[in-house]
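So that you can see what the record holds, here are the features copied from TrEMBL:
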- 49-66: transmembrane segment (TRANSMEM)
- 87-107: transmembrane segment (TRANSMEM)
- 113-133: transmembrane segment (TRANSMEM)
- 181-202: transmembrane segment (TRANSMEM)
- 228-247: transmembrane segment (TRANSMEM)
- 277-296: transmembrane segment (TRANSMEM)
- 316-333: transmembrane segment (TRANSMEM)
- 345-363: transmembrane segment (TRANSMEM)
- 379-402: transmembrane segment (TRANSMEM)
- 414-435: transmembrane segment (TRANSMEM)
- 441-460: transmembrane segment (TRANSMEM)
């Protein structure tokens with residue numbers, strides 16, 4: 001990244017392997033910085049907010065398309081004859097889309113952000129367009145819908161991994177965490193908005209209607225679902241046209257010294273990541289609880305059914321937990337930009353809250369033993385707090401990953417951890433296919449994974465190599 005911004009001497013890494021803000025590091029970095037003909041402080045451009053907006057809209061649309069079918073699964077069963085396996089697979093195309101994650105990371109590292117984003121948005125255009133092809137054969141229609149969801153799932157690695165790459169490329173050091181939070185949280189917000197869009201547009205089936213009325217109801221439901229599909233296709237096409245018209249790969253001048261410095265090669269990056277025990281520790285602290293939470297959220301309506309919570313209320317609980325996590329995550333990231341170097345402390349506070357709220361929820365569901373009050377208010381409060389604490393930790397984790405393993409490229413770093421997270425979610429969903437009748441064990445996975453993550457973060461030794469470089473060279 002930044003090969004066109006500086007000379008060959010300037011592109012040499014200023015920090016050696018494993019070097020962080022430890023005694024003696026400041027002297028060595030100053031000596032290296034003094035030998036570089038740095039032109040001056042970085043420059044930021046107003047157009048960075050437009051680039052961030054376009055990428056965030058793309059991430060929002062990808063999350064919206066991915067979660068199209070979950071909130072309207074009963075209507076989709078009646079309109080298209082989907083089975084339970086079909087509904088599960090429509091959701092599972094998201095994690096499956098991360099299998100070629102490393103190919104997208106290589107493309108981002110070699111070809112830059114513009115080519116990767118254009119390819120991603122084009123896959124989404126193909127996917128949403130495939131779902132809109134009018135065919136009378138329901139079997140063929142179901143296959144087209146599955147193909148469309150698969151193509152949209154392939155867009156997941158870019159929208160989930162590229163946020164730190166974009167923030168480093170376009171934003172200064174005191175705006176990076178905020179930009180990362182906005183770009184990474186909008187995908188979650190898109191998935192949450194699907195809980196509103198689908199049920200508001202698509203009516204629920206009426207199983208007590210006479211045969212003729214039921215057939216008319218099925219045709220009406222199918223028309224309304226196709227309205228949603230056409231609307232999503234139109235939105236994705238507009239975003240693709242906007243990114244095609246204007247989405248520069250980088251600004252004319254880098255916003256910081258770290259943005260202009262050389263990154264490790266693709267192969268050396270993987271060697272650095274796999275041999276860095278601190279990175280593996282913090283990567284597991286992210287992947288395990290976030291993967292468990294994603295799988296738990298996907299079956300929240302089934303988990304809450306034994307305690308007499310309706311599917312509608314379960315959807316609203318999921319919606320507010322995601323929205324709260326997005327709002328709080330952006331606010332915390334902005335706070336982290338003002339008090340730089342405190343990412344570990346922020347994560348400790350967030351996961352302390354996540355451990356307590358998940359334990360509260362699990363014990364509340366066992367009210368016959370614990371005698372804790374089981375009310376709508378307590379279920380809402382515990383679930384929403386859990387979502388807020390965990391979802392808002394995502395951008396903080398991303399920034400800490402990049403700081404820990406700099407100068408490994410941002411896309412490769414975040415790609416590895418999101419791949420691990422999706423792997424854990426996939427394993428849990430696989431187990432759910434065999435143990436779906438008894439889900440109380442799943443509730444205990446949440447506080448257990450949060451507590452494990454809290455211990456890993458507590459033992460983690462933080463370093464801020466990228467930030468240290470910017471501060472030292474600027475001085």
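Each Cβ is built from the backbone N, Cα and C atoms, and glycine gets one as well.
Of the candidate ranges 49-66, 87-107, 277-296, 379-402, 49-66 has the most C-beta pairs within less than 8 angstroms of the transmembrane segment (228-247). Between the transmembrane segment (379-402) and the stretches 49-66, 181-202, 277-296, 441-460, the greatest number of Cβ pairs separated by less than 8 Å involves 277-296. The listed stretches are 49-66, 87-107, 345-363, 441-460; of these, 441-460 has the most Cβ pairs under 8 Å to the transmembrane segment (277-296). Here the transmembrane segment (87-107) has Cβ contacts under 8 Å with residues 66-70, 73, 76-77, 115-116, 119-120, 145-146, 149-150, 152-158, 161, 266, 298, 409, 411-412, 415, 418-419, 422-423, 425-426, 429, 433 of the same chain, all six or more residues outside its ends. The stretch from 49-66, 113-133, 181-202, 345-363 that makes the most Cβ contacts under 8 Å with the transmembrane segment (441-460) is 345-363. Proximity of distant same-chain residues to the transmembrane segment (49-66), defined by a Cβ-Cβ separation under 8 Å and at least 6 residues beyond the stretch ends, is recorded for 91, 93-94, 117, 120-121, 124, 127-128, 149, 152-153, 155-156, 159-160, 162-163, 166, 170, 179, 182-184, 186-194, 197, 232, 235-236, 239, 242-243, 246-248. Beyond the transmembrane segment (181-202), the same-chain residues lying 6 or more positions past its ends with a Cβ under 8 Å from any Cβ of the stretch are 52, 55-57, 59-68, 70-72, 75, 159-160, 162-163, 166-167, 221, 224-225, 227-228, 312, 315-316, 318-319, 322-323, 325-326, 329-330, 332-334, 391, 394-395, 398.
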